[in-house]
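Let me begin by presenting the structure, written as structure tokens, before commenting on it.
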Amino acid sequence: MTTFKEAMTFKDVAVVFTEEELGLLDLAQRKLYRDVMLENFRNLLSVGHQAFHRDTFHFLREEKIWMMKTAIQREGNSGDKIQTEMETVSEAGTHQEWSFQQIWEKIASDLTRSQDLVINSSQFSKEGDFPCQTEAGLSVIHTRQKSSQGNGYKPSFSDVSHFDFHQQLHSGEKSHTCDECGKNFCYISALRIHQRVHMGEKCYKCDVCGKEFSQSSHLQTHQRVHTGEKPFKCVECGKGFSRRSALNVHHKLHTGEKPYNCEECGKAFIHDSQLQEHQRIHTGEKPFKCDICGKSFCGRSRLNRHSMVHTAEKPFRCDTCDKSFRQRSALNSHRMIHTGEKPYKCEECGKGFICRRDLYTHHMVHTGEKPYNCKECGKSFRWASCLLKHQRVHSGEKPFQCEECGKGFYTNSQCYSHQRSHSGEKPYKCVECGKGYKRRLDLDFHQRVHTGEKLYNCKECGKSFSRAPCLLKHERLHSG
């Protein structure tokens, strides 16, 4: 039986994802995956208890180049021959999407071509001119035993610490802990990237708006806001997304999957962050505070929308009527008013809606569901935003004021509708008769005159009404 020592290659310690598993990672996670594998390769060169010869191994990090000089043992017809090669691997620019093929080929293949590399540890230890910098004093030298037939392989380790290190790679043990927040990581490189959050280090700056980021992958994702690039396409409906994670969340709209449930009211959500924001409605927690007026919000997106009230910023403009909006989604919904498009249909009554949220609210008319309850008066609401608006009745808060007359309102939409009384604007036109209205809700009520639709039924006598206030007025006749 022949025994010899061989260096553990990168493929021995790499964390390998399948194509399907990698498809679930967003760009930042792929960047982290690449960094972790590079860290693993550096560990192979740096953590051994034997020193490596300067002329045989050299691994350095320059501006954007990884360079490696390897000694490769090649076997040919003429016998063993030592050949030295210089391998240069250029890092991808900030605008490159790292696919599975690129990650594995550039790192696993290019950096580990030394599959047949043999390290003569006794020779290198005598040189001693390239001191090894270790973090854990670990050696990554395998002892490989081959039978005379060449068909037996048994990896072993020179001491217990070597085995512990090797096992950690397979077990996913998170031994690197952040001193700031206590979060754990499998690899020191992942910890270093995470620590930039606490240090406030932002090395990557957007040339367009000047915004800074701690990771180049975050900058790349941000730049798509300016370019409009949406490389991730939904195979079901063709909708594009700038981030893979957003596409993964969108897929759940087609599958109907809502794995995150609220324990208070039972409402289900597609994403964990949606559940966390929703739960703050029950707890009353509002951690996001406006620096200008001090108003607090349960979600960062709500704070961002509110901030535009102070700046009056409305960057999204309708090409048809020149109306401006603070959000692109609001502009897209508005355009359907001009086109008459109502893509979301109710399966119960066939009524169409411009946005999915309106359809969801409409479904509650049929089910009678009102999951949001006011703790002050017990009144129930179908939508969380309606509850928040209602709570201002109890608090007396009227944060939205008319610039013309100074009148205060509970909601921005009420203030906006009121301002049309000064301007005389009636942007919502009936396609049947051309009559204009200040509010879309009034237009919806009016259109029922043409359609004959009466959604609100009296439980006592079965009489139907086109508007909820008419039903309430009628029910008082029965109650006396």
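Positions of Cβ are set from backbone N, Cα and C atoms, glycine also.
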Segment assigned the feature zinc finger in Swiss-Prot (from 112-134, 135-157, 204-226): 204-226
Annotated range (Swiss-Prot: zinc finger) out of 86-108, 316-338: 316-338
Composition by DSSP (helix, strand, coil) of residues within the zinc finger (260-282): 11 helix, 4 strand, 8 coil
Contact set, same chain, for the zinc finger (372-394): CB under 8 Å, 6 or more residues outside the stretch: 265, 278, 281, 361, 364, 410-411
